Structure formats: structure tokens, C-alpha cells
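Here the structure comes first, spelled out in C-alpha cells, and everything after it is commentary.
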Amino acid sequence: MINIRKTHPLMKIINHSFIDLPAPSNISAWWNFGSLLGVCLTIQILTGLFLAMHYTSDTLTAFSSVAHICRDVNYGWLIRNLHANGASMFFMCLFLHVGRGIYYGSYLYKETWNIGVILLLTVMATAFVGYVLPWGQMSFWGATVITNLLSAIPYIGTTLVEWIWGGFSVDKATLTRFFAFHFILPFIIMAMVIVHLLFLHETGSNNPTGIDPNSDKIPFHPYYTIKDILGLMFMLLTLLLLALFSPDMLGDPDNFTPANPLNTPPHIKPEWYFLFAYAILRSIPNKLGGVLALLASILVLLIIPLLHTSNQRSLIFRPISQMLFWMLTANLFILTWIGGQPVEQPYIIIGQLASIMYFLLIIILIPAASILENYLLNPK
């Protein structure tokens with residue numbers, strides 16, 4: 001009896017990707033986040049699909065259609081809460097996944113890393129346009145402020161902003177096109193995830209030691225399928241606790257007020273997962289400079305493989321670089337906190353110092369520490 005799993009054209013691909021895939025024998029729970037992100041994406045697409053069945057992308061009815069979903073649709077409140085908090089779980093997993101990649105030197109698989117960074121940007125774009133859809137105060141003003149940043153581009157800025165708006169302000173045309181983008185982007189993300197996996201399976205997974213793992217591989221199933229299910233249980237528990245007990249904890253109270261172009265909220269701020277980048281944007285008093293810093297805060301990930309100066313791949317045996325890595329992590333927490341604070345002292349100066357430290361650590365300090373560690377290990 002020939003095993004259909006190994007012969008059928010479609011099954012064969014799934015088999016080589018998730019069942020008989022040779023995986024390093026020592027990968028830790030930090031390697032769970034890839035599969036968790038896959039689950040997050042699936043949850044978001046499914047809940048989003050059901051929300052889209054009842055949502056109307058019109059400025060007059062968008063806000064009330066979301067209220068209608070929560071009040072009148074069977075389990076609409078649950079679908080909406082899962083979708084809103086699912087986004088938070090998605091970003092938590094994303095940040096941990098990227099952090100794992102930096103810590104263990106996974107960025108040396110350049111193709112996988114680069115498409116991963118593009119994926120991160122695409123997910124951020126999707127979350128941004130999605131946040132506009134409920135048409136609350138923060139939706140409207142967030143859309144106005146962030147799209148307006150493009151007007152900092154010389155010559156074409158203003159024209160570009162009005163082209164994106166579909167008029168002279170954020171209005172019906174903007175909401176309709178943002179809904180269209182929010183619907184299509186997750187499917188584009190899905191295709192990119194497949195490419196991400198394709199590149200990863202060209203090289204095989206990295207492992208905590210950073211040493212070539214080819215001498216000791218085990219099949220993905222049952223070992224890592226079971227291990228991933230454990231991580232999945234933890235994530236689903238967290239998501240359900242959030243969605244069922246405090247669904248609005250991570251949201252903004254201003255978004256429960258329908259959008260009003262005549263009334264600006266006292267503090268315009270994005271969702272928590274954008275606050276670090278928002279803090280970097282606000283820390284520069286010049287509009288164009290702020291926009292460039294905002295872009296650089298994410299795009300700097302693309303040059304990390306070029307900044308790898310160590311003779312070792314992973315940080316596991318490099319205490320100086322480890323300390324700087326955790327400083328970078330703490331710095332991102334500080335930036336996240338600052339992004340949610342009003343623009344006044346001492347928050348302004350803290351934000352500026354944290355922004356400088358962010359780029360300094362990635363571009364100069366960690367590569368310099370790696371060179372020092374090379375010398376300390378081999379002083380010849």
C-alpha cells in the first residue's frame with residue numbers, strides 16, 4: 001500500500017511542509033510563534049469574513065452597523081471581540097517572533113527575513129486600515145493624522161494625500177476604499193506567508209545554538225505538532241480571557257463615540273501595537289523627519305543581516321550582546337509607554353532619548369559589541 005500522503009501531488013507538499021519536515025531536535029518554545037501566527041491569521045480571516053457580512057462601509061451607517069453586529073447578530077459580540085483582540089494577539093506573537101529572529105540570528109536566512117519584514121509592514125497596514133472601519137472618533141482622527149503624514153513628501157505630498165482620501169478630507173470614499181483594502185490584504189498576507197515558508201524550507205530552521213543542525217534532525221510530526229499545540233492552548237486561553245472578560249481593555253474609549261470631524265479628541269493615539277513607532281514619529285519636531293524616522297524604525301530590520309559582525313550566529317554565548325538586546329527590549333517598552341502619553345515634558349525628552357537609543361543600539365552598539373566579543377574570544 002503506497003502512502004497517499006507521500007504520493008498525492010497536493011498531499012506531498014503538505015507532507016513535506018508540516019509532517020515529514022526534518023526539524024532541528026533542540027528548537028525551543030520560541031519557535032512556536034510561526035505556527036501561532038498562522039493560527040492568528042486564520043482566526044482573523046474567519047472572524048473578519050463574518051463581520052464583513054454584516055458591516056456597511058458607509059460613513060452614515062458604519063458605526064451603527066458595528067453596534068448592530070454586537071447587539072443583534074447571533075454571537076456578533078463574540079466575533080467582534082475575537083477579531084479586535086485577535087489583532088492584539090497577532091502583534092504580540094509578531095513582536096516575539098521578530099525578537100526571536102534577532103536573538104538567535106535567524107535573520108541570516110536573508111530571503112526569509114526580508115519577506116518577513118515585508119509581511120510585518122503589510123500586517124501593520126492591514127491593522128491601520130481596519131482600525132478606521134468602526135468610524136469612531138479615534139478611527140476618524142487616526143486616519144486623518146496618519147494619512148496626512150504623506151503630505152510631508154516634497155512636491156507630490158498634498159496631491160498624494162487627496163488621492164488616498166478620494167476627496168479633500170477623510171470621508172465616505174476613504175472609508176469605502178479602506179474597507180476594500182482591509183478585505184484584500186489578509187489574502188495577500190496569506191500568499192506572502194506561503195512564500196515565507198517556501199524560503200524557510202529551502203534552508204531549514206535555525207536553532208538556539210546557531211550551529212548547523214543537519215547532523216541531528218527529527219520529523220516535525222509528532223514532536224513539534226504536539227509542542228505547537230501546547231503554545232496554541234496558551235494563546236487561545238489568553239485570547240479568550242481577553243475577549244470574554246475585558247474585551248475593551250486594549251481599545252480606546254474615544255472610539256465608542258461616533259466620528260465627528262468638528263471635534264478633535266484630546267489625545268490622538270493609535271492601538272498599543274503602533275505606539276513604539278508613534279513615539280519615534282513624535283520625537284522629531286520636523287514633519288518630514290518624523291515620517292522618515294517612523295519608516296526607518298521598521299525598515300531598519302532590513303539592514304540587520306548586514307550589521308551582523310559576530311563570528312557566532314546566536315546570542316546564546318554572547319553576554320555583552322545579550323545585555324544590549326535586553327536593553328533594546330526595555331527601550332521598546334519605554335517607547336510604547338511614551339507613545340500613549342500626551343506631548344509634554346518630561347515625556348518629550350524621554351521619547352527623544354528612547355528613540356536615539358533605539359537606533360543607536362541596533363546600528364552601532366550591538367555590531368560594536370559583537371566585534372569586541374570576537375576579540376575577547378580570540379585575542380590574536
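Backbone N, Cα and C define each Cβ position, glycine as well.
Listed features, source Swiss-Prot:
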TRANSMEM  33-53  transmembrane segment
TRANSMEM  77-98  transmembrane segment
BINDING   His83, His182  heme b b562 binding site
BINDING   His97, His196  heme b b566 binding site
TRANSMEM  113-133  transmembrane segment
TRANSMEM  178-198  transmembrane segment
BINDING   His201  ubiquinone binding site
TRANSMEM  226-246  transmembrane segment
TRANSMEM  288-308  transmembrane segment
TRANSMEM  320-340  transmembrane segment
TRANSMEM  347-367  transmembrane segment
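Between the CA atoms of His97 (heme b b566 binding site) and His182 (heme b b562 binding site) there is a gap of 23 Å, rounded to the nearest whole number. Each of the binding-site residues His182, His201 was scored by the number of other CB atoms within 10 Å of its CB, and the largest score is that of His182. Rounded to the nearest whole angstrom, the C-alpha distance between His182 (heme b b562 binding site) and His196 (heme b b566 binding site) is 21. Following the DSSP three-state reduction, the secondary structure of His97 (heme b b566 binding site) is helix. Taking a C-beta cut-off of under 8 angstroms and a sequence separation of 6 or more, His196 (heme b b566 binding site) has the following same-chain neighbours: Thr112, Ile115, Gly116, Leu119. Around His83 (heme b b562 binding site), the C-beta neighbours below 8 angstroms that are at least 6 residues distant in the chain are Gln44, Thr47, Gly48, Leu51.
With a cut-off of 8 Å between Cβ atoms, the residues of this chain six or more beyond the transmembrane segment (226-246) that come close are 29, 32-33, 35-36, 39-40, 43, 78, 81-82, 84-86, 88-89, 93.
Of the Cβ pairs linking the transmembrane segment (178-198) with the transmembrane segment (33-53) and spaced 6 or more residues apart, 3 or more are under 8 Å, so the two regions touch. The Cβ of His97 (heme b b566 binding site) has 20 other Cβ atoms within 10 Å, all protein chains considered.
Sequence-distant contacts of the transmembrane segment (33-53) (same chain, six or more residues past either end, CB-CB distance under 8 Å): 69, 79-80, 82-83, 86-87, 89-90, 93-94, 96-97, 100, 182-183, 186-187, 189-190, 193, 228, 231-232, 235, 239. Using a Cβ-Cβ cut-off under 8 Å and counting only residues 6 or more beyond its ends in the same chain, the transmembrane segment (113-133) has close neighbours at 55, 57, 62, 66, 87, 90-91, 94, 98, 101, 106-107, 139-140, 142-143, 146, 170, 174-175, 178-179, 181-182, 185-186, 188-189, 192-193, 195-196, 199, 270-271, 273-274, 298-299, 301-302, 304-305.
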